[in-house]
Structures are given as structure tokens and as C-alpha cells.
């Protein structure tokens, strides 16, 4: 299990508020082990300090994000911007490795253009435990289909590296568990990372698709998501983080437009429950409905 990505600069900040926000993002439950903390930043000394802290917090590994395409992240020299600064990227990886924890890297197949041979070799020089490849350049964002042929080629580069035991994980446009298995079988990667297909679809790992779920199940999933957000994070995190998932949960539900508009105006978890409960209770598609209860 990976955490959301966390800023090394904020984690090393002298501001208690900044550090507290990062510590909230790093919270994990024992059943989530092995647990890996994902970091982003641009300064090796901050990665070194953060890695030692993560070791003391009991993390099982560190993943360095060198693929985030967001402008605000890249302006700091972080995320995908490190593709343009391979020497600093190597220094960052080695700084994390000083903690003794396994270190992995997530990156892309280029910044402006598809150019990855030199970049991947720079990363492999540091002998990371795993390498996750998102099959698009930074400039492509998510506007084009993922280039899985490039991911397959990178796998060959890794295997051709003498004595390399680096695990290669592919990422991009995975739609289901069968699709994930197909990509593993076709390209030979050791595994895949799933992103957007999980939005509003926590049933994916049980082999179900969002479109196959009933109105009750989708709405119950939405409320359960809100419940866990409120219970675990409450005022420590922005409600927007869970609110942006509502549309994915409600996708394909007939006559849900009014509910979506009402949910868009909510500002707290308490406002969500009655709106969803009323919608499901009045839905013609919802049969044998029982009011949701969470422990």
C-alpha cells in the first residue's frame, strides 16, 4: 500500500502546521502493511531527513515521485521535472537509500518528448528496488492513450542491465483486473498500478465494475467513503478530497443530476448523508432499501 504523495519540504518544515498536515497524510493502519510512503521534492538533504523520519515511523519502504505532471510541483523542480535533472534525481534516490529502507521510483517516459533510454539508465545506476513507469510524457498528461510499447521496452532495458533485480510496474489506462492481467501477460511487467479506474469503484479488486453495481451499492459505497474520511481525517483534511469522488460513484445512475448538483454544494460530511439517503429511498431502481448504518 502506498500513501498519497507527501512534500519533503513540508515534512522538514519548522512550521508545526505544515508538519502536522504531512503526518496526517502519512497515517496508516497495521493491516495496510507493507506500507510505502511516497515523497516528492527536489532537495536531497530534505529527502535524507524525511527518509530517516519515515524509518522511525515504521514504514516498510519509500517511493519517490518523479512523474507528477502538475505545474505547481514541476516549478519546484519536483515530480516530472526531475526527468530534466538526472544528476539531482540520482542524488535524491541515494539520499533516501541511506535510511536503509527499500527505495522505489515512479516516473514517466519523458518530459516533452518520448525520450527515456538515458533517463532510465540514470535511475538504474542507483539500483532501486522497483520502478513504476507511467506510459506518457509529462506534456501528454492524460490526453493520449498510454504508450505501453514504451513500458515494454523499458522492461527490456532493465532486464538487460547486469545483475539488476529491479521490479518493473506499468501504469496507464488500466480499466479492470482482467485488463491488468492482460497487460502483465502481454508486456511481461512484474505488476501494474491502477489509477483513475478505481475512482468511485472500490469493488474493482473484488472483480466487479462500477456499471454492474446496484444503485444501493453505489450510494452505500459513497457514504462509506465519506464516513471513513470523516472518521480518520475529519477537520485535518480538505473535504474537497472526498467530494471530488462523488461524480464517479454516481456515474450511470438514472436521474442523479439533481443529487449531483446538491452534493456539489455540500461543505461537510454531515450534509451528504441525508441527501444520498433521500435519493436512494425515492429511487425506483432501489429495492429492499434499508437506511445505511456505519460502525
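Count begins at 1; order follows the chain as displayed.
Here the Cβ of each residue, glycine as well, is placed from N, Cα and C on the backbone.
Nobody curates TrEMBL annotations by hand; they come from automatic prediction.
Summary of the site annotation: TrEMBL records FMN binding at 38, 106, 195, 196. Screening the candidates 122, 134, 179, 220 against this entry identifies 134 as the one listed for that site. There are 22 other Cβ atoms within 10 Å of the Cβ belonging to residue 68 (active site, proton donor). Annotation for the binding-site residues 106, 134, 196: lowest Cβ count within 10 Å of the residue's own Cβ, 196.
Local packing around the binding-site residues 38, 195 was summarised as the count of other Cβ atoms within 10 Å of each Cβ; on this measure the leading residue is 38.
The two recorded residues, residue 106 (FMN binding site) and residue 68 (active site, proton donor), show a Cα separation of 9 Å.
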